[in-house]
Amino acid sequence: MGAVLSCCRNHSGEENEALLREQQAGYGSQGNANDEYDAEQMRLKEHEHEQKLLAREQELRDIVANTNDKLIDISMINNSGIVIQGTDLQEALDKRQQEEGGDSREDERSAGDDNLSGHSVPSSGSAQATTHQTAPRTNTFTLLTSPDSAKISKEQLKKLHSNILNEIFSQSQVNKPGPLTVPF
């Protein structure tokens with residue numbers, strides 16, 4: 001019946017009305033129901049696939065960010081030269097004194113301050129040199145000079161160095177949860 005009405009109207013463009021199109025498609029509205037269901041299922045599958053891709057992409061970004069952070073930490077340590085944090089040096093001196101059973105800690109610190117170069121570099125990386133008396137002890141790094149190396153034996157420095165490197169290597173290991181694959 002829709003075809004008859006469309007012929008009478010001389011193709012006036014009303015063929016595209018919903019009522020006429022539904023009648024021409026078949027008996028009732030059942031003609032498009034399967035198409036709508038299939039289209040909805042395809043859209044849901046595409047949405048799930050997109051969600052999986054986004055989750056995998058985020059996982060890969062996290063892995064890359066963690067790896068980059070650890071590589072930056074390693075490169076900072078490798079490029080810094082021979083620099084020991086001031087508290088590490090003092091702890092090594094205190095430990096040596098306790099092993100030798102020598103004088104008190106205060107005598108060691110005052111003697112150590114007299115023999116140190118007197119310059120420290122703040123951890124923020126600024127190039128200004130300051131004395132031990134004006135710089136805070138918690139955030140300073142002391143350059144290792146020849147009078148300092150005479151106090152600390154080479155064996156202790158080698159142990160300290162190997163402990164630091166072992167800790168860096170243990171912290172820089174990345175355990176991936178599975179094979180890194182990207183579906184195309």
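We count from 1, first residue shown onward.
Quick reminder: no glycine exception, Cβ is built from N, Cα and C everywhere.
Over in Swiss-Prot, the protein carries these features:
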type     : residues : note
COILED   : 30-71    : coiled coil
COMPBIAS : 92-112   : compositional bias 'Basic and acidic residues'
COMPBIAS : 117-147  : compositional bias 'Polar residues'
LIPID    : GLY2     : N-myristoyl glycine
LIPID    : CYS7     : S-palmitoyl cysteine
LIPID    : CYS8     : S-palmitoyl cysteine
MOD_RES  : SER146   : phosphoserine
MOD_RES  : SER149   : phosphoserine
REGION   : 89-147   : region 'Disordered'
Same chain only, please: residues at least 6 beyond the ends of the coiled coil (30-71) with a C-beta under 8 Å from a C-beta of the stretch. Say none if there are none.
22, 171-172, 174, 176-177, 180, 182-183
Across the coiled coil (30-71), what is the average pLDDT of the model, as a whole number?
86
